[in-house]
Amino acid sequence: MKFSTLNDAFWLKLWFSLKSEAAKNYLNYVWWLLEPALHVAVFYFVFGLIFQRGGEGFIAFLLCGQIPYLWFSRTVNNAAGSILGGRGLIQQMAIPTAFFPAVVVGKDALKQTVVFAVLLLFLATQGAQPSWMWLTLPAVVFTQLLLVTGGALLVAAVTPFVPDVRFLIQAGMMMLLFASGIFYDYSELLSEQQQSFFLMNPVANLIVSYRNVLLHGDWPNWPGLFWISMLSGACIMGMLIFYRRAAPVYARLVVE
Amino acid sequence: MPTTALELRDVTLEYRMRRSFFRHSFRRALDGVSFDVEKGETVGIIGGNGSGKSTLLRVLGGIYRPNSGHIACWCENIMMLSLGLGFDPELSGRDNALIGGVLLGGRRREVKQRVDQMIAFAELEEQSKDPVKTYSSGMKARLGFSVALTMEADLLLIDEVLGVGDQAFQQKAKAAMLSRINSEQTVVFVSHSLAMVTQLCNRVVWLERGRVRQQGSAVDIVEAYKIEQQNKT
């Protein structure tokens, strides 16, 4: 398949997937914002109101953790079933298998752009002073895009071979939810030694950068961003080579 | 310029079936298949259910990689004409036609200009903006056929699609296929309809349990196949 064809097909599939997804619900595109808002509301209710933790600015703190986490978790979950979901096409044409997780990544990244725009608006109206550091936000977002892409390509590649992986992903995402400092401040709870271990979790590391930039008007954690980008980039390259070699295998795998 | 479009030599393909955690069994769908397809000719593939016809078409289309054997192809653009092309049920027939055309190798602008033609051929003008989930299976099949037929390819692989829709549409689809076949199009055609195979194909390959039982002129092979079927019953 030519690159120009693939490019056209990618964007069309992306727009049409968004349209098709929105058509399934009464509130259509509103869910892009309502989903993260509901998650934050649940955490705020449990930790802010029932356990009386968090204090002032807890909602902004939660948002800066929950939104990046949801992006990662949603994309990786959706990507896991993307190749099996595309079996109708895989069975009919020699289409690169990476096309399917790539559409998922593109679709979720587009939604996320809107969510981030609303998040900035929310923070600006809720007392967080917009600072020049907000200009470094694209670097953090781009690093997360690399991480999300690497994760999505990896799980999408593995799931058709071992469908059971989907259960592990669910458990992994649950663990990530508790281990990424979304509803607690890791620097208050963990010793210094534990903190360096905690920051090896790339999602937790990214959340630190998001909060530095958006809440504290500080620089992102550049070394963290650098290592996440390098490892994600290597993962993406490796997975693309793998997809190239394994493409005809997938066509048979989805019927076996 | 080679006159051969496709060359298959000893192509073997096995499906792996999981029986339990570590145990797998294998089913040989194609077993040492060899034949050539010349440019501009229409080759029919016949055989009973499970003889490997659809698998063979997917191997020719580069969708499946065989376990062993050799395939040489001198066609740039191969298109498999099959029904439904992964339609999204939530999208309209028009949107699905557009994305289907692009996936079959057309540029977006070019396909956009042809969407009306696709919809008109499928006789779906009134329903073109409705979601495909509201279409009957015949309507979906007509749309799939129209999308694939409107696009161009060096090698056309056709899998049992001429039985689409009602009698009138079948006649129209057959006429459109014939005009395409007559315009120097290279075609590999899988069908259970022996009359259609005799009418459309120059040569026929008869598959039985994944092996080539016979190959040769359409009339001779179809005749031999019919006799075999009669003897079985």
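Here the Cβ of each residue, glycine as well, is placed from N, Cα and C on the backbone.
Per TrEMBL, the features are:
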DOMAIN    A:27-246  domain 'ABC transmembrane type-2'
TRANSMEM  A:29-51  transmembrane segment
TRANSMEM  A:58-76  transmembrane segment
TRANSMEM  A:88-106  transmembrane segment
TRANSMEM  A:113-129  transmembrane segment
TRANSMEM  A:135-158  transmembrane segment
TRANSMEM  A:165-184  transmembrane segment
TRANSMEM  A:224-243  transmembrane segment
Which range out of A:58-76, A:113-129, A:135-158, A:165-184, A:224-243 gives the transmembrane segment (A:88-106) the most CB pairs under 8 Å?
A:135-158
Taking contact to mean 3 or more CB pairs closer than 8 A (sequence separation of 6 or more), are the transmembrane segment (A:113-129) and the transmembrane segment (A:165-184) in contact?
no
Long-range environment of the transmembrane segment (A:29-51) - Cβ separation under 8 angstroms, sequence gap at least 6
22, 58-59, 62-63, 66-67, 70, 111, 114-115, 118, 182-183
Counting Cβ pairs closer than 8 Å, which of A:58-76, A:135-158, A:224-243 has the most of them with the transmembrane segment (A:165-184)?
A:58-76
Using Cβ atoms and a strict cutoff of less than 8 Å, what residues sit near the transmembrane segment (A:224-243) while being 6 or more residues removed from its termini?
96-98, 139-140, 142-143, 146-147, 149-151, 153-154, 157, 199, 202, 205-206, 208-209
